[in-house]
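Written out below as structure tokens is the structure these notes cover.
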Amino acid sequence: MGGSWVKTIEVLFCLCYCLNMGISDHLSDAKCGTPLVRNLLDHSLRIVGGLEARYGSHPWLVSLRFRGSHFCGGAILTDHWILTAAHCFTNFLRNLNAAIGEFDQRVPDEGELNFTVKTIQLHEKYRHASPMSYDIALLEINGHIRFGPRVQPICLPLPRESFPPRTGCLVSGWGRTKERGRLPAVLREVQLELVEPAKCKYVLKTLRPTQQVLTVLCAGPEEGGKDACQGDSGGPLICPRKGGHWAVVGVTSWGKGCGRSWINNKAKSPAKRGSPGVFTDVRMLLPWIKTKLREGLCSVMDGAVSGSEGVIRNPSLPGRLYNNNELCSWSINIPFGRSILLEFLEFDIENDTFCQSDQLTVFVGTNPERPVGRFCGSAPPAPVLIDSHSASIHFVTDVTNNASFLLCAAMGCVTMALVQEQKAVHSLDYPRSYSNNSVCRWVLYAPEGHVVKLDFNDFDLEQSELCKYDSLTVYGDVDAGDEIAKLCGRTVPPPVLSYDNVMVLQFSSDSTVTFRGFHATVSFISKADIPKVSQVHVDFADAPKPLEVFLNCNDKHVFR
């Protein structure tokens, strides 16, 4: 790294310590969105005119009761918070109960428990006069749910997780099986495919009276026949995610009739028009959910810490495990002209490909569009140097409790860095030989509308077939999933351009011989100045040997 631009660190920590969302310590292996009884996605099942679910197949489902009678559904998020719909409530709180572990409304089920409701949190923008938007609420119960085989929480979606149109999702509940029909005693379920957002908004505009549709998504077939109905309100629309878990993507909100066709709606009389199932979009309101769950739990443990270093620990007490559905965030602010160095002292977070479940993400400032790195697993990540006066750290858990992490902001060896200015980057100790077993990473961000250009001034790495020993790999994304080029050898490579405004460099060396390393200049080029090309051809036939260059090119990538 360019050691000349690393300055003394003066760090002020504004710590918002952990959103403890309440899955008890003895359930350190508990899962969200994982039913022990599996008959989900049986295509024959439906709520309207369909079949009943299997006992225990929806362990997160809640039956909300007023004076003992079911009126709405809900979903367990934590051991004392339930997600539901705002339109289910007017002003009543007395005689309101939440039944968890429920299946057959006629008899007490094994493991069924009833809780009184402590508080009801309706979204501040919800209006009963316009109930289609912001139709979401959180119930806090008195006491704590004890999880077991037929009682489990549902996963919240990750902030950037996507569920594309035609994804097969599930709705369940004790709602009517047809319009004006009776409420069933036994739990039912239906599979619905997500509808394209544009089609959803179009068909809702054909209904009377018209309403704003700001926070909704639709699911269900155009020909009808499958739908939620009265009594299912507040229940979750759950969609499958990688790894076999389910996430709550919508909250059952509204619909024109039950199971009506909505083909050629405009040609029908207003009274006979139908609609897909209308659900509150949980992903859109995820910040609100997290904020409400955090109130009263997230606190500044140490206040603002002034000095040249500080420590962030989660959980705050050693030996504790973090919880499901947890969101913790920390902000770090320093004087202008300084840099932030993060060193990971302890690290044990559930590991999976691309860190899709539990993850620790470091951002530039508070901008979620500029991640520096996303980390998980049991090996402490390399130190991170952030060439900015502010940074934020977000810790999100989703499925499994695991262990903890401990990081320190201080001076030390840098093996990962953020670069936002046009400057030189080079291997450690350049022009002296780099070390064995090194792993160094640079995240290069250009301004919006620009790409990153990397011009090599010197290049001297161990040559090998497929660059399997020492190498410099260029990626087009922070998650290192989009490889642009893999370089090694002793010949200066041609310039490299990024696809967009981010480029990631990763240098690695093995345990044997070392060489001088590399030195390159980073510059930013406006996309308007890049010529349009349909094919890129790079000819290294005349290049002196040895040189190994492996390129992944497309029509957005230019070498010149």
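Cβ atoms here come from the backbone N, Cα and C positions, even for glycine.
Annotated features in TrEMBL:
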{"type": "DISULFID", "residues": "CYS413-CYS440", "note": "disulfide bond"}
{"type": "DOMAIN", "residues": "47-294", "note": "domain 'Peptidase S1'"}
{"type": "DOMAIN", "residues": "301-414", "note": "domain 'CUB'"}
{"type": "DOMAIN", "residues": "413-525", "note": "domain 'CUB'"}
{"type": "SIGNAL", "residues": "1-24", "note": "signal peptide"}
Model confidence over the domain 'CUB' (413-525) (mean pLDDT, whole number): 88
Neighbour tally for CYS440 (disulfide bond), based on other Cβ positions within 10 Å of its Cβ: 25
Residue counts (helix, strand, coil, in that order) that DSSP gives for the domain 'CUB' (413-525): 3 helix, 55 strand, 55 coil
